[in-house]
Amino acid sequence: MKFEDLLSEINGFGRFQKMVLCINFFGRFSLACHFLLGNFIAVIPSHHCSISSLDADEIFENLTQEERLTVSIPVQDDGTPASCHMFSYPQFHLLSNSSSPSEVAVVQCQNGWEYDNSTCDRYLFCVFQWDLVCDKRALSRLTTTIFFIGVMCGAAAFGSLSAMFGRKPMLLVSHMLGMGFGLCSAFSSSFIMFAVLRFFTGFTITGMCVYVILLICSSSDVEWVSIEHRKLVGVIDSLSWTFAFMSFPLVAYFIRDWRWLTVAISLPTVTAIITWWVPESARWLIANGRVDKAHYYLHKCAVMNRKKEIIVSIKPENLAKIIVTDRGNRKYSYLDLVRTPKMRKLALLTGITWFAVATVAYGISFNISSFGLNRYLTQFVYGAIEIPAKLSIYYLLDKFGRRITQAGSLLFVGISLMINIFIPKDKSVVRTVIAVLGKGCSATSFGTVILYSSELYPTVVRQNGMGYNSFVARLGVSVAPLILLSDDVWSHFSQVILSSLGLSAAFVAYLLPETRGRCLPETIEDVEGIGKGTDNLPLQDQKMDEKESSRLKWKDNLIVQNT
């Protein structure tokens, strides 16, 4: 008897599974909003050196604002005032164009900066709070990188802790600490304090990621649903991110203070109280020898799905035969991902794929202000395009399988980014449309890799595997803001890097094995034994061929026991 057989008998997608899916769906809103917070509070608005000190001497008394800027601030090639330099002293002769601005000596801003309030929301940017411009310009992007470095470290930590203590306790800890650090960061009195608290917010909030497989509920959900419903659950679960991506710009539009915006997205984690009802993974419990607890949750599942008579016939000790493993005598760790040849290859290929998928996806998501269109609208459209993109996953996974869908979506992302390199900067609408299409393909890629990877790793190290993948993905996300800074060297540099990553990862993803319609591997031996089974068939394919006969034998045993 396989675990999939048991799930099918007690309804692999009944009321119990739908309840778990709904709880996790709404519980991830805060998580996705924190990921996008930097798009609105760390954007650098139009600015120029402050000339208020000159006003104090009343030397500008009879000049208009435009004339004041002319005599105080040099002009850039595009005709706008320079952002980081000013004339060493007022150049009144420039009002009559008697001299070229290039012949006039300039210095760095001496008295701070003035920001263009007509094109930005002053209180929405923490940039204003600590003047993160010019020499400190990189710090505005660095806050996002610091947050995702915290997420990266938290992914590794919570992946290991979840494997040791279970998914459920770590989920509760993640919610509570994530809310605490998030609220504290909103009242930071210095940039260093803000950066440190953002790091710990990312570190602790990652527990939600790892539990739900990242972007990451799929691990628990996949472990609770039958084979035929895996892709449906993966698609529905990934739409929770889409819901947050579309809602967050609306929240940011109405809450114009960056502090209160941070508070608003941190408070929803009070749903931690609800997550206490989320069941522990029965697979994980059985693999760890805790069959009594696994039987308890399976009984709850059967009762809620109105299949109580099935589980009543099974004793807890019989569950130990479902997953044959020595987990009860040893502890699995991240080292088990590289101890054996095929596990090493699997970890390498999935790691590269996750790194590229995350870097490209967030490289596009963070780049909402370079197209010349409204950032709120751009972010909303970025979220909206994910709906058809993720719904298409359901058809694509069934039609082409996991491997082709993963590799194909990455290929199209790379192509769309490459096309944007050759479109002139002044074609902002066209560039945005191409970027939105690329964002849709990246959403398909992200939604696929989550489900795909959860099916590739065996139960005994699935949480470690997904923790490792999440770690690598967050490394990619933390690098994404820095990649965007490369546009200061060449305006298309970031697009070249992201496009190259997408195209390269498409080839790597194609090397992964297909998992469509196959049983989840339970042990490392299942992965290492994928070569040939007893009937000279791939082991997992053989398991599928034996599924019906196994289920019938199990039913016969139940009849014998009841008689």
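All positions are counted from 1 along the displayed chain.
Each residue, glycine too, has its Cβ placed from N, Cα and C.
Features as listed in TrEMBL:
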- 21-44: transmembrane segment (TRANSMEM)
- 89-516: domain 'Major facilitator superfamily (MFS) profile' (DOMAIN)
- 146-165: transmembrane segment (TRANSMEM)
- 177-197: transmembrane segment (TRANSMEM)
- 203-220: transmembrane segment (TRANSMEM)
- 232-254: transmembrane segment (TRANSMEM)
- 260-278: transmembrane segment (TRANSMEM)
- 346-364: transmembrane segment (TRANSMEM)
- 404-423: transmembrane segment (TRANSMEM)
- 429-454: transmembrane segment (TRANSMEM)
- 492-512: transmembrane segment (TRANSMEM)
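With a cut-off of 8 Å on Cβ pairs spaced 6 or more residues apart, the transmembrane segment (21-44) and the transmembrane segment (404-423) reach fewer than 3 such pairs and are scored as not touching. Between the transmembrane segment (404-423) and the stretches 146-165, 177-197, 346-364, 492-512, the greatest number of Cβ pairs separated by less than 8 Å involves 492-512.
For the domain 'Major facilitator superfamily (MFS) profile' (89-516), the predicted model reports an average pLDDT of 79.
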